[in-house]
Amino acid sequence: MRQARILAALYFILTISPAISDMTDSIEMMWGNTQVLYDSAGHQIMSLTLDQWTTSAFRSKSQYLFGRFDIDIKLVPKESAGTVTTIYMVTEGPWQYHDEIDLEFLGNTTGEPYTLHTNIYAKGKGGREKQYRLWFDPTEDFNTYSIIWNPHNILILVNGKPIRRMKNQMRDDTPFPLFQPMRMYASIWNADQWATQGGRIKTDWSQAPFTAFFRNYTANACVPYNRAWICGQGSGDSSWFNQELDDEGKQKLKDVDDKNKIYDYCTDSRRFPDGYPPECASQ
């Protein structure tokens, strides 16, 4: 009941940020070789580059409490083994209680597919890894990756297709990101100790620099208003606030599970010999 009252208050008091066309209006560069480029139509593209000496990253200027976040990414082509390109949302409070939503694109040798590694942390607890092989080549063109985060669930979508869902099961004492605002980050970094084929394939620095491209970042989300975090009916599409999967969405999710999912912590009996985490029963 307390949770329901808090969420009702949030919905009526916070404003919704509209979609933003120029990435630099809502994104700030952090470190490394991060550049703003322009396509033939004058639209901004942001690039992140990795070499032997530096990583690179950018982040959203705002923090958010719930929202729908979309971004187009074109990943490092050809020899990308050892590299990890990420988009993630994370809180900025004490790390032992942090919340986080991760999408990590694990590079591979030329001709071998990328792995999309996902994880969700709540109140400092992660270990909810799921991995996927995409049904297209993510290096040939831009593709859209989305996070929908609302009081009911977290949805991860690829080109509009749901690939992962985590329900809010706080009533069953399962932690869920609910009260802490998060900021969106993107980065590229070297993780050849584990990223490609369990660390067997190392980064080939003779192929550097490695560059990924980002465009069309939009955040239809709850933003701070004075000292409150309030979700109201301001400008922008707020349908995400109550969005859950309908029957068609559930079927699409099942299709991805059957055809594209290659690892799920909820089926890892070696890791959980005494029984799977309670949230696994209804994801």
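From the backbone N, Cα and C atoms, a Cβ is placed for every residue, glycine too.
Marked as active site, nucleophile by TrEMBL: Glu100. For Glu100 (active site, nucleophile), the Cβ neighbour count at a 10 Å cut-off comes to 18, with all displayed protein chains included.
Positions annotated as active site, proton donor by TrEMBL: Glu104.
Annotated domain 'GH16' per TrEMBL: 9-214, in sequence order. Mean pLDDT of the predicted structure over the domain 'GH16' (9-214): 92.
Around the Cβ of Asn108 (N-linked glycosylation site), the same chain contributes Ser80, Ala81, Tyr114, Thr115, Thr196, Gln197, Ile201, each under 8 angstroms and 6 or more positions distant in sequence. The annotation N-linked glycosylation site is assigned in TrEMBL to Asn108.
The feature signal peptide is assigned by TrEMBL to 1-21.
Cβ neighbour count for Glu104 (active site, proton donor) (all protein chains, 10 Å cutoff from its Cβ): 20.
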